[in-house]
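A short worksheet on the structure shown next.
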Amino acid sequence: MSLLVHVLACCFGLGSWVAVNGLWVELPLIVNTLPEGWELPSYLTVIIQLANLGPLLVTVMHKLCPGRLRESAVIYSVLSIGVLACVQLAFFWDETTVVAAAPRSTVFFILTLFLALVDCTSSVTFLPFMMQLPAHYITTYFIGEGLSGFIPGLVALGQGVGMAKCVNATQSSGNLTEKDIYIVQTQYLLPNFSTEVFFFFLAAMMCISLLAFFALNRFPRSFELSTENLVSDTDTVASVCFGLDNPGVVTDVQNSNPKPHSEVSGQARPQLAKPGHSVYQLAFIYFMVVCVNGATNGLLPSVQTYSCMPYGNLAYHLSAALASCANPVACIVALFFPKRSLVLLGVLCLLGSVFGGYNMAMAAMSPCPILQGSVLGETIIVLSWVFFTGTLSYVKVMVGVILRDESHSALVWCGAAAQTGSLLGSAIMFPLVNVCNLFESGDFCNTKCPL
């Protein structure tokens, strides 16, 4: 019985961020079809930030009408919307409409907004529901939440997204007296399975999560609820790892705890040590939170196409898929090797910034970055994106752990700082990419770069 609940908790966690993570790893194939082209990631970063209205609305409802919002009904709704949106994407992801005399991927953007609303809202609904179960199931839920980023990356690797080759072609001049013109075209090889199949896979993952929640919700509460703090000290890294970017998680978890305050305060359990960081240390920590989240959630994702596509679709494909896998791997590393030294975290933040700076520099040099057309250049850009994501993910986790031990309000402010950084990063990059056109796209086969 216990094993079954563990499996259901893990499957339930899969539905938390699988849709948005799946969209990111599928971009190497999508950008070659949709009219926005290389600008597409900058649109997605803004859309995902707009989706934070979902958890904000849930949090406001908990504050204004405590006990009136049915958590299970919200979870059923968001998971059902996620399934329907994934199915709709499978059929209509490449449909375009004319807006301001130019074709736009309005259907894709609208459905992406719904998926982002589902995933963002899951952060303030899924975990409070899991708090109704004994504490040892929480860790299993977080494992499933980590797999929601890891599995789409592995599936995208198996898909072989966006491989390309250069072929000779002829173009008729339209004049009978002139010869045909010979040109070189970029021909994208077919992946092992189509984008439609990938979106159906995402829909299946959401269905698994929905069915797991249905089973957990109907499961007889015959077992005794844990009398300890439901997010125990051993689960601190895991809970922060997957909830740091969503400040409503901590707030709603506190609100959903059914135990009265007197019962909690009367329990004889060890209290977390208060590190007692100084004002300057806290300022440094929050500065890291803003910078790290601004880079990982706004600045760099907006220009990943410009950074990787000049090296070919294989480089972009591997960068997107492996970087998606690097995030949960960093969380696992933080779970077994937690390092709270601010000096070390500052060094890691600086190191991650170096990788991010290299990625940004290659995007600024697009379509002719250094080492273009070489295996070394492709390898460096892929590794740079993986280490950029993994290093800064570890920093985010450990900063969240430090602030969680500081106080509850410190972690709430950490979430606010994370969202502020993400919003600033997206707001800065969107006009630079789409209005100022500071980054230039190109064609893999026809771009002429100086030697």
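Glycine is treated like the rest: Cβ placed from N, Cα and C.
The feature transmembrane segment is assigned by TrEMBL to 42-61 (among others).
Summarising the annotation, TrEMBL assigns transmembrane segment to 73-93 (among others).
Summarising the annotation, TrEMBL assigns transmembrane segment to 105-129 (among others).
The annotation transmembrane segment is assigned in TrEMBL to 141-161 (among others). Long-range contacts of the transmembrane segment (141-161) within its own chain (CB-CB distance under 8 A, at least 6 residues past either end) are made by residues 9-18, 21-22, 25-26, 28-29, 126-127, 130, 189, 191-193, 198, 201-202, 205, 235, 238-239, 241-242, 313, 317-318, 320-322, 324-325, 327-329, 331-332.
The transmembrane segment annotation in TrEMBL covers 197-216 (among others).
Residues annotated as transmembrane segment in TrEMBL: 279-296 (among others).
Per TrEMBL, the feature transmembrane segment maps to 316-337 (among others). Long-range neighbours of the transmembrane segment (316-337) within the same chain, counting only residues 6 or more positions beyond its ends whose Cβ lies under 8 Å from a Cβ of the stretch, are 21, 24-25, 27-29, 146-147, 149-150, 152-154, 156-157, 160-163, 237-238, 241-242, 304-305, 307-309, 381-382, 385-391, 393-394, 397-398, 401.
Packing against the transmembrane segment (342-360) from elsewhere in the chain are residues 281, 284-285, 288, 291-292, 295, 299-300, 303-304, 307, 380-381, 384-385, 387-388, 391-392, 394-395, 398-399, 402: each is 6 or more residues past its ends and has a CB under 8 Å from a CB in it. What TrEMBL lists as transmembrane segment is 342-360 (among others).
According to TrEMBL, the transmembrane segment annotation covers 380-403 (among others).
Taken from TrEMBL, the feature transmembrane segment covers 410-433 (among others).
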Within-chain partners of the transmembrane segment (197-216) [C-beta distance under 8 Å, separation at least 6 from its ends]: 5, 7-9, 11-16, 18-19, 22, 26, 75-76, 79-80, 82-83, 86-87, 89-90, 93, 129, 133, 148, 151-152, 155-156, 159
Contact set, same chain, for the transmembrane segment (380-403): CB under 8 Å, 6 or more residues outside the stretch: 236-237, 240-241, 243-245, 275, 277, 285, 288-289, 292-293, 295-296, 300, 304, 307-308, 311, 315, 318-319, 322-324, 326-327, 329-331, 333-334, 338-340, 342, 345, 348-349, 351-352, 355-356, 358-359, 362, 369, 371, 410-411, 413-414, 418
Contact set, same chain, for the transmembrane segment (105-129): CB under 8 Å, 6 or more residues outside the stretch: 12-13, 15-20, 23, 30, 34-36, 40, 43-44, 47-48, 50-55, 58-59, 71-72, 74-75, 78-79, 81-82, 85-86, 88-89, 92-97, 99, 138, 141, 213, 216-217, 239, 243, 245-246, 248-249, 251-253, 255-256
Residues from the same chain, set at least six apart from the ends of the transmembrane segment (42-61), whose C-beta lies under 8 A from its own: 20, 23-24, 27, 36, 68-69, 74, 78, 109, 112-113, 116-121, 123-125, 246, 248, 251-252, 297-298, 301-303, 419, 422-423, 425-427, 429-430, 433-434
